[in-house]
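Input: a single structure, listed below in structure tokens.
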């Protein structure tokens, strides 16, 4: 090595580190300097047996290591250069690297944008993209494309073998390639068809039930699978899944920092989140689309916390470390199950079995209290009743049968059946065996169910000539080295040894044998052969599996005996088997695998290999009502008879254990792979912590060495990966020879240098001359095949595409020339025809133009004349119209001026009149205001004088009361005067009848009213009669028509009754009707006298009050006490007017108001009427109607009793369904609606709001209220 050369030197930490040669003292010594520390170091060169230095290697340029995507093309290809290239590309998030036909995939432990549809479309394998193929970076899509193109172009079955350690990303790589194949099957679009979706949806189902978290991988496949994707004419028509060696022991036992299968955590986490309120949920739950409500199943299935199940809390690990939430995965799993054809009812049964397995793990056992430990038997503890009942319910088996199967076992001997109890340890072992068997059965059922939905059609169903092809994807568990390795790790590592041997055979041995058979020059390359390790497992009769099988057949076989056989047979006799004394004491041994030594413990080997299930447990599962368990164990039940017969004949010799079964499955798998064209993907794990952006160089080198990647690189670089038969070569490339020797085409091809071109032509000549073998560096001809190096084959394919493109262009050129020449001839002929037609048309157009010009000249002359004439007429009409408008405007102005003059005179007159009227109105208003003010002042002074006299002299009270009565009467007469004049004619007709009635009254009451005179009223102006308003005549002291003939009192009894009037003199309480007639007649007499004396001068007799007599006058407007009503009127003797007040005279005051004092006859009639009222009141019951009246204030409050008469008190109509009964709140009698429509407040009865009263009571209460308004409350009470 020259001074200044860049080299790689061995380093204990980084494996290989960069350095620069600074000196070369001798052949075995180098002095190098590391660029980081700038320190020099002397290194002694170490060479292998071939003389090649192994601890110092030449280094490639930096750009070559970083940009070169195919390691084959590196100038210096060795372990250090590959390691550095992988490290550099990993730092750039470039996780795929190509080494020949092998793709190296590094798990990034994070999401990368490498799988979008846009990127997938670049790797499109459709035929139209073959001629436009571009150099694309390495990808898993590259492997998928190569397999898809090889299958569609050559019709060969393909297989893609994905290998690597646990956690290297094999499962994800399988899903990515499957997605690509489905996309290619759908024409480069996303997989939307039913079968493609079902094939892709098998992955989530198998992952949920077959993957778990281990120490090295959070989504480790605990089973192996080989997926056969079936194609027909590039379309996916179905698939089939083979599974291998499910790690069912994980159901009951997990190591530290590991988890059970994903489905347990996904189901329980989802149910627990559903029980929480929406605000407390981790995230919004995705609808599951099931027919049952999973939330309600929590109580039915007795769901507990995850830590409460013994099958989940052993490792102390619940969560995943890869940032995947179980609650997110469960909806994906359920949707995948639905998409793969599993019904909602079946999903419910599957989930019930999963929960039932967890309840089995919580069943506790207790032992009987026997003195001899050997005689003690286990039974189910009462503390586990809930779990036993729930497990039996979910497994759909009887509870008693489950308890018996877990604690009892049956032994059949000579036709007799013995039932024996189990020890505590045996019962736990039986419980775990049942749980593992149920889960294994469930997993097998899922695989069968999925295969049934995606199964391809049978070959005989296809059309004639159609053939199904397959692309197989192998995703099997990676090489495992655990802290404690048992039987499962032994089988897993054996499978990896077998696959590594297949890889070695294909890459190394097969290549060497083929080259030797074809007489191709080949340099032998040594590689690590693992045949001795595989023989250690498979050799018969002395091998690991053979001895294990033999020990299982021994009736009293044990794990210790098996270990002894291993030590005796292999220790110091087989290079791949080791065991130290410490290991021998613990029953352990070490196998030197291709990936490194692995220490195994034989504990449990026999039980796990036998995988035996007690007959009672098998019968229990056969009798289950669960559809899933029933479908699986019915086959077992059908085959049980033949099994028993064979067991009786062959005993244990005829049984098949797990190791033999797994070995047989691997053999079938290898046979299937040998029939296909394999493609390899090596998955690498950058670190053991599963952390992104962390590259452990030591671990990476271990995987490169154990996977045989370095040797595969050497073989790929030295060999010929592309080989074609002579016939295929001639069909594909013989047509290229003549074009290549054509100068024009040769110049086109030689625009880019192709080193393979010369050798290719020589090979073609050799095959044409039947030369047997031709040896070249890029292309070689064997006895039956032509061998290409990968680069040479790609160059030949490029040349082929270019020649085809050139030939296609020539054909297109000639054809286009012919088409253009023919089109030109047709166009020329058509052009001549068009030209002739155009010239004829042009001449015709010219002639027509000349004719149009002549006609247009004549038309223009006529048009100009018409326009000039029209213009002249318009001007003339406009001038005339303008003159007319001017004259009209002048006339309008004159008329407007005259009108304005007239209107101004009228307006002045109106304004002057308005101003005079306004001044007159203002003066009148002021005068009236002054008059009113003076009258008001005068009245106030008079009122003050009267009140002062009334307050000072008590005797004046009686005179004042009389004067008030006289004033009220005069006021009524004045108000009635207008109505009386209207009724004068009617009154004249009734005068005779009234006189007769008056005579009867005189004779009955012993006083004469014929001489009674009424003070004359003011004369009425006949030219201005009073305006009469039509209204209902109320009975009140201030109403002028209180005693009019049309009043209700008059209507109630209009016929005089002389007999009742005569009884009035004798009885103390005369009838009401007599006094009503009396009052009416007296009023009529007063009206008549008023009419007669209207023209007479007023008479002013003196008013004398009788001495010693107190007349309690009730208001003149008081209603008659009819229909049984009574009121009590009591008179205070102290109210009498003293004699010294007789000289008080009111005549002057009456004359001032234009009234005459009442005559003696009137006073006598009033006194008689008041006496009749007092007599009537004293004979009636005492009541109170209003707290505003003097009566009610003196006599107290009495509440009216409501009568229950069947007829109206007013109109005597009968009450029925259509005529309702109403009660007066004042008198209490019954009335119909027509006679009880009045409403008024009655505070004395407790009614502050207006209530229903009869007409009479309404008028009476209204009169009392008016007295309060005129006289004041104190004055009314004084009366």
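From the backbone N, Cα and C atoms, a Cβ is placed for every residue, glycine too.
Just so you know, TrEMBL annotations never went through curation; they're auto-generated.
The shown structure was predicted, so the numbers you read here are calculated from the model rather than taken from an experiment.
TrEMBL lists 66-801 with the feature domain 'Myosin motor'. Restricting the average to the domain 'Myosin motor' (66-801) gives a pLDDT of 82.
Summarising the annotation, TrEMBL assigns ATP binding site to 164, 165, 166, 167, 168, 169, 170, 171. In three-state terms derived from DSSP, residue 168 (ATP binding site) belongs to neither a helical nor a strand segment and is classed as coil. For residue 168 (ATP binding site), the same-chain residues 6+ apart in sequence whose C-beta sits under 8 angstroms from its C-beta are 105, 107, 478, 683, 684, 685, 703.
Long-range Cβ contacts of the region 'Actin-binding' (666-688) within its own chain (Cβ-Cβ under 8 Å, at least 6 residues beyond either end) map to 86, 90, 101-109, 140, 143, 146-147, 150, 156-165, 167-170, 173, 177, 216, 226, 228, 242, 244, 470, 472, 474, 478, 494-495, 498, 502-503, 506, 694-696, 699-700, 703-704, 707, 709, 712. The feature region 'Actin-binding' is assigned by TrEMBL to 666-688.
Residues or ranges marked as coiled coil by TrEMBL: 946-1004.
The region 'Disordered' feature in TrEMBL is assigned to 1015-1069.
What TrEMBL records for 1038-1049 (among others) is compositional bias 'Polar residues'.
Annotated compositional bias 'Polar residues' per TrEMBL: 1056-1067 (among others), in sequence order.
If you look up TrEMBL, you'll see 1202-1262 marked as domain 'FYVE-type'.
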Does anything in the same chain, at least 6 positions from residue 171 (ATP binding site), have a Cβ under 8 Å from its Cβ, and if so what?
203, 207, 211, 219, 221, 475
DSSP residue counts for the domain 'FYVE-type' (1202-1262), split into helix, strand and coil:
14 helix, 18 strand, 29 coil
Same chain, not part of 164, 165, 166, 167, 168, 169, 170, 171: whose C-beta falls within 8 angstroms of the C-beta centre of the ATP site? Give them in sequence order.
107, 217, 220, 478, 683, 685
Would you count the other C-beta atoms found within 10 angstroms of the C-beta of residue 167 (ATP binding site) for me?
24
DSSP residue counts for the region 'Actin-binding' (666-688), split into helix, strand and coil:
9 helix, 8 strand, 6 coil
Hey, what's the Cβ neighbour count for residue 169 (ATP binding site) at 10 Å?
25
Taking only same-chain residues 6+ apart in sequence, whose CB is under 8 Å from that of residue 164 (ATP binding site), what do you get?
105, 170, 478, 682, 683, 684, 685, 703, 707
